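J.: This structure is in structure tokens; I'll ask about it shortly.
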Ligand SMILES: Cc1cc2nc3c(=O)[nH]c(=O)nc-3n(C[C@H](O)[C@H](O)[C@H](O)COP(=O)(O)OP(=O)(O)OC[C@H]3O[C@@H](n4cnc5c(N)ncnc54)[C@H](O)[C@@H]3O)c2cc1C
């Protein structure tokens with residue numbers, strides 16, 4: 001095949017499309033303007049030869065990879081500084097550069113300056129006073145200082161009250177004295193902490209006048225601005241190799257009598273006065289803003305990850321031929337195997353549903369943030385609960401989906417050049433950071449059992465949990481008619497039942513004399529299941545209403561594709577939770593058969609449009625970075641190209657032959 005030719009099978013697939021891919025792409029990216037902005041950004045960053053990897057980074061040592069990544073991080077930051085100076089940076093620019101899209105093409109295993117932009121700057125914005133923002137943000141935006149966010153410790157991550165780092169106020173010098181008194185108090189994990197950042201926001205126990213006041217964030221200088229040597233009392237380094245995020249430079253930090261001025265405590269929500277008087281936050285939930293912001297941003301990001309993984313799997317499935325279905329015919333494209341369709345198509349659908357949900361929750365977050373600024377906290381608990389369970393579900397589902405996509409590519413999916421190892425490493429990390437997933441579900445569940453009690457006492461509920469009230473008023477599901485609307489209703493009905501079970505069992509333990517916390521632990525499994533179902537019911541409802549609204553707006557051809565996506569997503573989700581559905585709803589064997597047959601029919605319907613759909617995600621080849629998923633489908637050629645880069649293949653005989661193998665083989669017993 002000539003080097004610029006497209007694989008003919010892939011080309012044929014593209015010609016089968018029944019819809020206009022440009023129309024889809026514009027929608028996917030948020031409109032023509034955003035599409036053009038994306039292209040411009042890609043041109044600016046991807047055409048820069050300094051940002052290309054000649055040698056695949058997997059062949060580098062951790063130290064080489066770090067140095068290579070910092071070099072590129074600086075080029076990226078310089079360009080970003082220029083964009084900012086011209087007023088051409090916006091949220092989308094930062095999302096592209098530090099999320100899983102464009103940024104992953106530039107620094108595949110994660111930017112060592114990422115935490116500066118995604119946590120250091122937002123935390124100052126969210127928790128600093130106006131004066132503190134003026135002081136720190138200019139330096140931070142211009143990267144005159146580089147920061148990270150240090151909360152987790154070797155001994156504690158989830159249980160924040162267990163954090164041991166101490167900040168004691170010394171009124172005589174108007175300084176805080178920071179210490180990590182034990183090994184387990186060492187800060188552990190902050191991105192860029194190892195050797196990149198020279199500042200950190202350190203979360204510590206605050207003591208003033210000898211009294212413990214709670215946790216507070218402090219800006220601490222870690223390294224000298226000229227020499228980059230650690231400041232006095234600072235013990236800092238990299239925590240070593242990890243499953244993924246290999247160039248994020250996650251670090252550790254020990255503090256020994258490190259003094260910072262009074263003004264280095266971020267004081268928007270709580271204050272320490274010069275004499276050590278402590279002014280408590282008016283409302284402790286105000287600090288939730290940054291956490292919610294990051295979680296909501298992650299949900300949007302995960303749809304891009306799924307777009308990436310499903311593009312690789314889908315294109316490969318169109319190019320790869322294996323195992324005749326009809327023994328008298330040639331080997332088909334592997335996508336002809338129905339089981340292959342069931343592996344790949346639902347992941348394409350999930351990318352779309354997560355995108356719709358991500359946008360929806362992003363808008364909701366912006367509304368709630370606006371209300372919070374006005375002092376209205378009414379919708380904060382609902383928003384917090386949703387952001388927690390959706391973060392958990394979308395990250396867990398995305399990690400599982402990436403793995404299914406890898407499996408769908410057989411042995412080649414296991415090769416580094418497929419890019420699945422890196423995509424998986426980056427995705428599964430989301431299950432842990434920004435709130436460990438189980439703990440996130442438990443947070444949501446706490447809200448749900450409260451809501452259940454409110455519903456029982458007849459209080460009105462906010463829209464996203466209204467289904468619980470409906471259930472309490474009518475506990476019969478009625479006949480199941482297999483419509484999509486009813487599948488959404490079924491998810492809500494099951495979620496309401498799961499919340500009821502968790503509530504009732506917890507109440508029972510309470511009546512038996514257990515404290516609320518112990519009772520919650522005893523029903524932890526029921527609670528996480530209730531939160532999981534609540535999130536899935538929300539996803540189903542958002543998919544249903546979001547896609548139906550879209551269907552009314554787009555061309556009939558694209559509307560038909562969206563209809564199939566909606567059906568596929570809901571049927572796959574529903575059949576995947578059949579145990580739960582059968583437990584609470586009177587489904588017959590005939591109903592389940594109907595659902596199964598409809599799913600099979602959906603796969604068939606999506607088949608001609610599957611390649612066009614992933615093409616419409618418009619993921620740049622450099623972002624895919626996959627021999628299996630490139631737009632031209634030259635899979636085998638690209639696998640070979642990558643193998644040729646293997647430094648081990650540069651010499652015909654490795655020295656170990658003479659050193660070890662030959663003496664061993666020639667030696668007599
Ligand atoms: C790639 C990566 C990057 C990170 N970056 C940063 C960073 O930049 N800055 C930073 O400060 N931190 C960072 N972290 C740390 C991260 O925030 C924590 O790992 C996370 O909060 C979980 O805490 P933990 O590791 O202590 O796990 P633990 O809390 O010890 O969890 C271990 C197990 O115990 C369970 N568990 C814990 N508490 C409960 C409970 N109440 N109920 C039920 N089960 C429970 C969990 O579900 C889990 O199964 C990063 C982590 C990773 C993996």
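From the backbone N, Cα and C atoms, a Cβ is placed for every residue, glycine too.
Straight out of TrEMBL:
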{"type": "ACT_SITE", "residues": "434", "note": "active site, proton acceptor"}
{"type": "BINDING", "residues": "152, 191", "note": "FAD binding site"}
{"type": "DOMAIN", "residues": "20-145", "note": "domain 'Acyl-coenzyme A oxidase N-terminal'"}
{"type": "DOMAIN", "residues": "288-449", "note": "domain 'Acyl-CoA oxidase C-alpha1'"}
{"type": "DOMAIN", "residues": "484-666", "note": "domain 'Acyl-CoA oxidase C-terminal'"}
J.: Measuring Cα to Cα, how many Å separate residue 152 (FAD binding site) from the residue listed as 'active site, proton acceptor'?
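T.: Cα-Cα, rounded: 10 Å.
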J.: Measuring Cα to Cα, how many angstrom lie between residue 434 (active site, proton acceptor) and residue 191 (FAD binding site)?
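T.: The Cα atom of residue 434 (active site, proton acceptor) is 12 Å away from the Cα atom of residue 191 (FAD binding site).
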J.: Looking only at Cβ atoms, how many others are within 10 Å of the one on residue 152 (FAD binding site)?
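T.: Here the count is 19.
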J.: How many other Cβ atoms are found within 10 Å of the Cβ atom of residue 191 (FAD binding site), counting all protein chains shown?
T.: 27
J.: For the domain 'Acyl-coenzyme A oxidase N-terminal' (20-145), what does DSSP give as the number of helix, strand and coil residues?
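T.: The counts are 93 helix, 0 strand, 33 coil.
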